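Per TrEMBL, the features are:
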{"type": "DOMAIN", "residues": "4-147", "note": "domain 'BAH'"}
{"type": "DOMAIN", "residues": "148-259", "note": "domain 'ELM2'"}
{"type": "DOMAIN", "residues": "266-318", "note": "domain 'SANT'"}
{"type": "COMPBIAS", "residues": "344-355", "note": "compositional bias 'Polar residues'"}
{"type": "REGION", "residues": "344-376", "note": "region 'Disordered'"}
{"type": "COMPBIAS", "residues": "364-376", "note": "compositional bias 'Gly residues'"}
{"type": "REGION", "residues": "426-447", "note": "region 'Disordered'"}
{"type": "REGION", "residues": "535-573", "note": "region 'Disordered'"}
{"type": "COMPBIAS", "residues": "548-568", "note": "compositional bias 'Polar residues'"}
Amino acid sequence: MAANMYRVGDYVYFENSSSNPLLIRRIEELNKTANGNVEAKVVCFYRRRDIPGTLIALADKHARELEEEMENPEMVNLPEKQKHQLRHRELFLSRQLESLPATHIRGKCCVTLLNETEALKSYLDREDAFFYSLVYDPQQKTLLADKGEIRVGNKFQADITDLLKEGEEDERDLEKLEEKIWEPSSSLSEKQIDQFLVVARSVGTFARALDCSSSVRQPSLHMSAAAASRDITLFHAMDTLHATGYDMTRAIAALVPQGGPVLCRDEMEEWSASEANLFEEALEKYGKDFTDIQQDFLPWKSLTSIIEYYYMWKTTDRYVQQKRLKAAEAESKLKQVYIPNYNKPNPNQLSNNTKPALLNGAAGAAGSGPPGSGPTPGLGRACESCYTSSSYQWYSWGPPNMQCRLCASCWTYWKKYGGLKMPTRLEGERPGPNRNSMSPHGLPLRHSSSPKFAVKTRQAFYLQTTGLTRMARRLCQDIIRPGYLARHPYLPVNTAAIKAECALRLPDSPKKPSPVKPVKRKPLESVVRYLVAHPRPAKPDPPVRGGSISTGSLTPIKSSPILNNGSPTILGKRTYEQHNGLDGTKSKSLTPQWDIMAKRVSDAGRPSVSLQDEVHELD
């Protein structure tokens with residue numbers, strides 16, 4: 001029961017396609033729609049396969065720098081298989097929010113910010129555990145470091161000096177380290193200081209009455225008095241009192257110099273109403289990420305000004321009202337939702353009752369007919385990831401022309417982690433730039449909901465076969481049948497069965513294979529001399545026009561050109577008069593067609609000319 005209860009803040013799997021890997025999201029809100037369904041407002045996390053290839057190189061560079069900072073020897077000695085699987089545990093946080101049906105939730109997972117004190121190998125030991133250290137922006141196509149890291153270490157903390165021993169003097173110059181701004185043991189009493197602060201507030205109110213911009217922002221006397229009572233006015237008054245040596249007469253005179261009363265305003269007064277609305281909108285989107293607020297909403301404000309305004313804004317009535325509204329909205333929203341287990345069969349499941357057609361090479365040496373001609377028992381298709389041949393359930397995977405499949409264990413790994421346990425030839429393929437008809441993970445869908453690579457990549461590749469593959473071409477020629485495959489290039493080849501058969505025949509094969517019989521070819525000069533000595537015979541004269549035509553001996557003329565502007569009929573187009581029987585004469589436009597027919601009829605009655613039996617050999 002508790003495993004199926006999903007709350008705000010949980011990291012969950014979402015399924016949007018039966019063949020693509022599960023999406024990883026964090027639940028921000030649970031809302032009930034008008035028709036009674038529950039929708040989840042979630043934060044998106046992206047996998048490596050979801051971001052552009054240019055950013056993957058940047059992510060690899062960041063990972064190498066992180067390994068150097070961590071100085072973890074385990075990462076250096078980590079096997080390639082575990083390094084490959086560790087890439088599947090890396091996610092990229094985004095600021096993107098989306099709403100998904102809560103019924104598409106398929107389970108919980110754990111996503112944490114990567115810490116320098118944490119070992120990366122620990123994520124492989126835990127099920128459904130992921131980490132992230134970079135933030136991905138899908139709109140800007142950028143990858144930046146997360147600012148939420150805990151800054152611990154010598155780079156961020158000051159070095160504490162040793163404790164002074166008893167009787168030891170401090171040799172540092174204290175006047176350079178600190179500055180006194182208030183003397184608590186002055187000659188003034190608390191009552192006199194309070195009276196001076198009242199005078200400073202009164203001067204501040206009068207100064208706002210004289211200032212034109214302040215009169216617009218605080219049109220009433222009460223608002224001006226409230227603005228003059230803020231901390232900026234009191235701080236200026238106490239600084240003035242300290243600077244004048246706590247002399248009340250000099251301090252009051254300093255508040256009203258020759259040019260008029262001193263006006264002190266903080267960020268709350270400096271900001272306009274439109275800037276305040278922008279700040280509240282940015283705070284709703286980014287939270288206390290003041291750097292992003294400055295870049296996207298208030299680029300003309302300094303970072304110090306934004307931070308100072310935030311802490312002053314928290315003391316206003318508007319902040320209190322918004323906090324009460326959010327609390328009321330939170331009370332009306334759902335806190336948790338129960339989602340039962342999803343038990344419907346996956347469309348990619350392969351039936352275990354019907355045996356799949358044997359691929360080329362699966363029937364062994366006994367197979368003499370074309371592939372799939374008979375259900376001869378033999379080796380079937382192995383799992384594309386772990387190469388096992390036995391599983392209680394199989395799933396179709398990859399492009400349909402490859403006819404790959406995964407066992408139940410590897411299919412679960414593919415759905416959760418977005419990759420295979422072992423790297424394969426399909427692991428690095430990525431779709432091309434045409435992404436309009438593709439799924440959210442970059443793969444177009446065919447009718448059976450399995451991924452299909454629709455376009456080629458622009459990267460050039462070099463196909464280099466291994467020694468075992470070259471040996472299998474010679475030892476298993478009866479299974480591979482290269483001549484048959486050359487005439488049927490689109491038939492799939494069961495490489496797993498061929499490798500297994502080659503492994504059985506390899507011990508009995510001779511150490512040195514028989515050399516291929518060289519083919520002796522004539523040099524190019526001999527070919528040229530032959531062509532000069534035997535020129536092409538002249539074309540025969542055209543047949544004489546006329547002659548009778550027998551419709552019974554007409555046969556389709558395959559080599560004859562299509563005349564009369566591409567007309568597919570043998571007689572071409574008829575004129576209006578011929579079509580309606582008004583004129584029985586032959587049209588001039590039909591002359592080429594009639595000539596062809598006459599030639600065929602005359603050739604049929606003419607005896608065939610025997611070819612010369614001499615064989616011309618090259619010199």
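Here the Cβ of each residue, glycine as well, is placed from N, Cα and C on the backbone.
Residue counts for the domain 'SANT' (266-318) under DSSP, helix first, then strand, then coil, are 38 helix, 0 strand, 15 coil. Across the range of the domain 'BAH' (4-147), the DSSP-based residue counts are 43 helix, 60 strand, 41 coil. Computed over the domain 'BAH' (4-147), the whole-number mean pLDDT of the model equals 86. For the domain 'ELM2' (148-259), the number of residues in each DSSP class (helix H, G, I; strand E, B; coil) is 60 helix, 0 strand, 52 coil.
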